[in-house]
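Everything below concerns the one structure shown next.
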Amino acid sequence: MAALSDQLVSIAILLYLAAMISHAVEYALGNGRAIARRAAPARELVGAGVAAGGATTPTGADLGVGVGKEPVTGDADTTTGDAPAGAGRKRPPGQRARLAGRIAVVLTGLATVLHLAALITHGIAANRMPWGNMYEFVLTVSFIGAAAWLAVLWKLPALRGLGLFLTLVMVLLLATAELVLYVPIVPLVPALNSYWFIVHVSTVVFASGLFLLGAVPAVAFLMRNGYEQGRRSFPYTLAKRLPAAASLERLTFGLHAFAFPVFTFAVIAGAIWAEAAWGRPWGWDPKEVWSFISWVVYAGYLHARATPSVKRNVAAWLAVLGFLTVLMNLFGVNIFFEGLHSYGGL
Amino acid sequence: MTAVQDRTGTPAPAPRRRPNPVLALLRNSWRQLTSMRTALLLLFLLAVAAIPGSVLPQRGVNPEDVRDYYAAYPDLAPVLDRIGAFDAFGSVWFSAIYLLLFTSLVGCILPRLRDHVRALRMTPPAAPKRLDRLPQHAFLAAPAGGAEAIAATLRKRRWRVAVRGDEVSAEKGYLKETGNLIFHLSLVAVLIAFALGSWYGWSGNRLLVAGEDKAFCNTRQQYAETDIGPRVADADLPGFCLTLEEFEARFLADGQPEFFNARVGVEEPGRELRSADFSVNSPLRLDGANVYLLGHGYAPEIRYTDRNGRAQTSIVPFLTTGDMGLTSEGLAAFPDVNVDPATGERNPELQMAFEGIYLPTAPQEPPYVRSEYPTERNPAVFLIGYRGNLGLDAGIPGSIYRLDQRQVTTGKLTQLGEAKLLRPGEKWTLDDGTSVEFLGTRRYITLSVRHDPGSTMMLVSCGFLLVGLLGSLFGRRRRVFFRVGAAPASGSPTGSSSLVEAGGLPRTDHPGFADEFAALVAAIGDGGRAGTPTGVDGDTGAGTGRADQDRARTREGTE
Ligand code: HEM
């Protein structure tokens, strides 16, 4: 079982990598899709049309058959079906881009399924929830991120372009987990043997996954926002084909508004557990300090976002900063500091 | 969001004729302090100020690390200590930030609380003249029963309704502001609970060796370390006694712990003696204190028989050194041996001490320095004997776990030959005919005993905090208005008297409002006999344009 799980992780990494490449191809082939989106009023993203404002290829307009309604898991077959009598004619670049994008989504979906399978087999091998050490933790957090990404994509298919960032993050996280954090399976130490383990860790994992996902549109928003304000230098040009800044901003807020209470609950559950296990609900252990910092930064984000006089990109920077503190908690604290959470297993 | 705008939008009080400069300064500072920008800045500062507390060692977390830091950076450490860096979360600067933040918070929520209570008492405002200027707008067929019927439908959907003649105004979503206020008030409550805990709470740590003769009764003197709040008197400590009856620990093959359980005899005042089990994750909850299991180890029983044939036994815990196999170090000291039988006086030249390493599972071959497994598979103690003056009379408080090295370096204590490995039951006869025998071991556990009177309040306020947060984040304030018998603004001549004009105004960011409005209109309009209501065209779009429009309208609507 354990070996199977390890192999599944490796395959999932490769699939995420393939999805990333596929997304990159979609990016490179580019323009047609953006125009397509303008032609078909996107379901949620009114602003997306603006994105395509500049680019006009004559072939673009007639390609826009219902991009908004496109099924997320739309497999390659349907896509080829879209191209009428595609045999003889060369496909227009927009269509090829779309194909690449869909393949990327399918690959991400497959990778996520294998990722889940890896988690389940790991859990079976260990005979417990797979959250006992950092390796397992990162594996779970990244799975939540990927699954939540697919859910978001289901609702807002026009965001597909962000998949490039997401898969990049996934590959990096999983590769770090495999190469740096890997430890063989062992049962839990008594300190972890409590039902609070499930309550606290599952919510922390879930919230971290959502924060991970939320950071993607936050960064995308910052780039796109700069682009819309006329910046044409390096990172901003990447945002050329992203959805409109306003919709990215909304998505960022939605994800964080959802993640923040979950995280709050997780921290409270951690405190309740700490009271039972260590005799005090809060003792400024490094892990606790960094949770506190993350919490305060995200509270700052929500305030900034709720204050009209604070610019939205300042708020988005706070969200990005928040995610950096989450990463610090996940990796930095286990690596640099020694504390009561040091069963992290490194 | 609106609330913020409402507040910033409040006209400044009319300037007095002769403003007192001091008062003006105070008022301005207060306004500055309770502004959202300041709150943001303080939140950010709080996050930054928390970082040193995780980077530098903290006394409250691990005092030994602070000592090590002093050793490693002898110049820097005292400076850092002066600014409270080793007790960062109790330091002046950290406290200043959160106290300012909480002052700002209170200053922010009190006026909002007042406004909100007022808003809760008020009926929804009259409909604006031109409903078609609201973000949502529709015409529908008038239901039988007119305004009252509309009001009834709205009430059923839990809107707060006011009927004024032919007009119906309704509002919903007060929960958002209620939740927000509950959330912020809970934050204050959490802080108060924290303060209660540190003023009226106490805690202490100690070791407890198994056996009746090693029982411990709860007094301040019985603890190795204590942290007792400033408002706690010695007499406040509950007078219970504990005896360790049994300790069970199981480990995996590689030495990783798997299971712990301690059974203690508990004697509380006015109650029968009873036995209780507790463990990691399930503390022993007594009246007025909780007892937590932090660690465990072995206390070797070492018997020394002196020149007069009198035997004494030392049962002192050997402290674990932190390795997997529970290798432990300790000291068996015998200051009162070799007493002159005639005078009954101590002979400072003939005191005895044995420094040792205890190995629960000693390796098969030397070196005997590391235990291979945490349970006693091959127990052995490795002793170094000393004779001479232990230095206990000098009045310098010595550790019971470690030999006073000064006595050795000054030659007042001399080592007796080579170190000796003893297994249980083995005896080592020394050069002067006296002997030392390793009888076996007893288990000991490390305990933390605590009382935190703020914990219940903390838990309850955290519950409220979470509920309030959910209300605040997901609640949505919105208003709808209905005017019966209105003609369409376009002046459509047909059936104007049987129409109802409806308008909707989301008061906060609310992308789903159009759908909700459409559903509401459909429900009221008797299944939409008047056809598709205009203005509800399924445009749920929420791009910048629309959002800004909403916001602009919102402002308009609140004035
Ligand atoms: C201990 C410090 C504070 C923390 C941790 C905190 C946390 C939060 C959080 C998490 C929210 C999000 C709920 C939402 O978006 O509706 C919020 C909302 C809000 N907070 Fe605070 N807060 C603090 C202090 C303050 C202060 C000092 C003020 C006043 C200056 C304030 C005013 C507000 C307002 C007006 C909202 C509502 C925003 C909206 O309507 O969406 N908070 N707070």
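Including glycine, each Cβ sits where the backbone N, Cα and C put it.
Nobody curates TrEMBL annotations by hand; they come from automatic prediction.
According to TrEMBL:
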type	residues	note
COMPBIAS	A:73-87	compositional bias 'Low complexity'
DOMAIN	A:131-341	domain 'Cytochrome c assembly protein'
REGION	A:61-95	region 'Disordered'
TRANSMEM	A:12-29	transmembrane segment
TRANSMEM	A:99-125	transmembrane segment
TRANSMEM	A:137-154	transmembrane segment
TRANSMEM	A:161-183	transmembrane segment
TRANSMEM	A:195-223	transmembrane segment
TRANSMEM	A:251-274	transmembrane segment
TRANSMEM	A:289-304	transmembrane segment
TRANSMEM	A:316-337	transmembrane segment
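The transmembrane segment (A:195-223) is not in contact with the transmembrane segment (A:99-125), judged by fewer than 3 CB-CB distances under 8 Å for residue pairs 6 or more apart in sequence. By the Cβ criterion (under 8 Å, sequence separation of 6 or more), the transmembrane segment (A:99-125) is not in contact with the transmembrane segment (A:251-274), since fewer than 3 such pairs are found. When averaged over the domain 'Cytochrome c assembly protein' (A:131-341), pLDDT in the model lands at 84. Within its own chain, the transmembrane segment (A:161-183) is flanked in space by residues 9-10, 12-13, 16-17, 19-20, 23-24, 26-27, 101, 104-105, 108, 111, 115, 133-135, 138-139, 141-142, 145-146, 149, 153, 212-213, 216-217, 219-220, 241-243, 331, 345-346, which lie at least six positions past its ends and keep a Cβ under 8 Å from the stretch.
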